[in-house]
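Written below as structure tokens is the structure these notes are about.
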Amino acid sequence: MSEKLYPVLPEAKKNTLIDNETYLEWYEESVSDPDGFWAKHGRRIDWFKPFTKVKNTDFNGDVTIKWYEDGVTNVSYNCIDRHLKSRGDKVAIIWEGDNPYIDKKITYRELYENVCRMANVLKKHGVKKGDRVTIYLPMIPEAAYAMLACARIGAVHSVVFAGFSPEALAGRIVDCESTFVITADEGVRGGKPVALKENTDTAIDIAAKQYVMVNKVLVVRRTGGKVSWGRGRDLWYHQEVASVEPHCEPEPMNAEDPLFILYTSGSTGKPKGVLHTTGGYLVYASMTHQYVFDYHDGEIYWCTADVGWVTGHSYIVYGPLANGATTLMFEGVPNFPDQGRFWEVVDKHHVNIFYTAPTALRALMGAGDEFVTRSSRSTLRLLGSVGEPINPEAWEWYYNVVGDQKCPIVDTWWQTENGGILITPLPGATDLKPGSATRPFFGVKPVLVDNEGNVQEGVADGNLCISDSWPGQMRTVYGDHKRFIETYFSTYKGMYFSGDGCRRDEDGYYWITGRVDDVLNISGHRLGTAEIESALVSHHSVSEAAVVGYPHPIKGQGIYCYVTLMTGADAQDPDELRKELVQHVRKEIGPIATPDKIQFAPGLPKTRSGKIMRRILRKIAEDESGALGDTSTLADPGVVDDLIENRQNKK
């Protein structure tokens, strides 16, 4: 843990929206009078019918979470229409293509027309309020248009990251019974095409076998690559939008009407459809965007995430646009054409606020400072980090080399389930400690509990829970409220359990220590070990598999797989079989789930009741076999010796 303290920079303090005094005052009000506080801040968005009820939440029993429940509004209206009068000609989205010579600026007025046209196309093909629309698009402006068009007509979008495989896409189509898909002919990433339409066709075939029929596929022409065509089903986006009006009335939505479903990995099998609703989500996303990034009108803001992840939803699209900001969307990758790309984009578009993930920073740090220092970065004012805890070395590099010691770093902790940032510094209010997410945002009440559920006071380590609701919180797991309660509210009664471990220091600062359940954090993206295990076991040579994380210098965590083979399968060349299994997992889930290490084992360490002792597997994967603890409960302690002997990452 870093003991270094970086006081608030004078420059950051000078123009800040929130200084320390204001933070302490607002925070106190937000936790002592949540109704009064959130009533006031709920008015930051426009309501067609104002709310009279603010907070109606209960973390016990059947768990109900409702905010502003009698208010009526529309997210698309708040992100576009209400800005037209005062800033219609202001740039809403700067799009930077994969190719550094291609970019596009879209004003709020152009955004309005594009979104209205797409909304009218959806309506023309029978999409109604409450219908689920699957969006499987690269980082192109049409991805934002599609999300906002769904919000405009009251359809519920489910964005699937364009790096996911056809199998993963199919699972998400089936779970929410989506009959309309929006995709592109191909994506472009690092100069290479990504076969999105082909993947979509495969996914639709898989979904059909599970009796979910996709009726229409709207295809954006991105590359002009050759694609197969389903007559009567497939529609070209450019042809469809040309035939409809550029105006579409926003559907009046109740604050608790669903806005989107976003699938996230859990510690058990299939991904969970996290459901966010309309009013509270937008209040929270826009408020955190404004105050965490200390956003001032006219600034250029860039979050490098993909819209396939929650960070892209809240901090590329909804938060910034609700605030009338200029938000940058980047199609490419940090190392194409070379490792200086991020900083060239910063210079090219005069970026003031930059928000990225530690995994990208670690990779760029390894490439050397000259890729950074050849750019000026003189417009940068604030840096942010998201996705996983940032190690102090990467933090220092980010602060000293990228930010030239003049940009505060907001190290933000939050999750898909949270809708927006929960623990974070505020640039004009919070002294910084490298590696610490520091203090809770307004209305957020973090609690550390031990494994028995006892609340820990003062300096402590524990499981991170939140003891009361905030407006951006997810409402349920789509179609499975029981799973929602079991996952988040059954471990510690009356509290939301994050699944993360955490330490609180003597200044009341929070330090996230990583997952405490069977979920991996790979490059800032969550993957369930059960998901990867079931992909491995679906291969004909594999009898059993156990997956754990281990420290990885770039990705934060790497994927370590222990595999027991079917009888006879061990006759295969182990290196060939490893390659085959890696490809198999990539096909089942996507490149994000590529195993880093595969260890073949005659057996796995199990208790007499048949439970795999993951703690032991984790220690071996971390090359800490001296710290295995008690192995006396194992059915066959001899298995452990073989695992240690053949471990894949001996130091």
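Every residue, even glycine, has its Cβ placed from backbone N, Cα and C.
Of the residues proposed, Asp431, Asp500, Asp505, the one Swiss-Prot records at the same ATP site as Gly387, Glu388, Pro389, Asp411, Thr412, Trp413, Trp414, Gln415, Thr416, Arg515, Arg526 is Asp500. Taking every protein chain shown into account, Val537, Val542 are the binding-site residues, and of these the Cβ with the most other Cβ atoms within 10 Å belongs to Val542. Close to His539 (Mg(2+) binding site) in the fold, though at least 6 residues off in sequence, lie Glu580, Leu581, His584, each with a CB less than 8 Å from its CB. Binding residues for ATP (Gly387, Glu388, Pro389, Asp411, Thr412, Trp413, Trp414, Gln415, Thr416, Asp500, Arg515, Arg526) extend across at most 18 Å, taking the greatest CA-CA distance. If you take the C-beta of Arg586 (CoA binding site) and look for same-chain residues 6 or more apart in sequence within under 8 angstroms, you find Ser165, Ala593, Thr594. Note on proximity: among Arg189, Gly191, Val542, the binding-site residues of the record, the Cα nearest Arg515 (ATP binding site) is that of Val542.
Taking Cβ-Cβ distances under 8 Å and a sequence separation of 6 or more, the neighbours of Gly387 (ATP binding site) in its chain are Ala305, Thr311, Ala357, Pro358, Thr359, Asn521, Ser523, Gly524, His525. DSSP classifies Ser523 (CoA binding site) as coil under the three-state reduction. Of all the binding-site residues in the list Arg189, Gly190, Gly191, Lys192, Val542, the shortest Cα-Cα distance to Thr416 (ATP binding site) is found for Arg189. A distance of 32 Å separates the Cα atom of Lys192 (CoA binding site) from that of Thr412 (ATP binding site).
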